[in-house]
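Straight from Swiss-Prot, the features:
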TOPO_DOM  22-44  topological domain 'Lumenal'
TOPO_DOM  66-71  topological domain 'Cytoplasmic'
TRANSMEM  2-21  transmembrane segment
TRANSMEM  45-65  transmembrane segment
Amino acid sequence: MFFSLPVLTVLIPLVSLTGLLYSASVEEDFPNGCTSTASLCFYSLLLPITLPVYVFFHLWTWMGLKLFRHN
């Protein structure tokens, strides 16, 4: 089952916000516990930044191919 880009654009921040709120309510050392990769808080902060970085570098590569191709 694959989701389209607009659905993922809305779904990923909502899921990560839910995980962040869950981490804030459950974990005792919430701000300091976000550095461990075993923590749900780490991934809820990582997911929203992953998609824009991927889109940026994908477009950067495409522009590089368009502008600097040799005929």
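For all residues, glycine too, the Cβ spot is worked out from N, Cα and C.
Packing against the transmembrane segment (2-21) from elsewhere in the chain are residues 40-41, 43-45, 47-48, 51: each is 6 or more residues past its ends and has a CB under 8 Å from a CB in it.
Same-chain residues lying 6 or more positions outside the topological domain 'Lumenal' (22-44) and placing a CB less than 8 Å from one of its CB atoms are 15-16.
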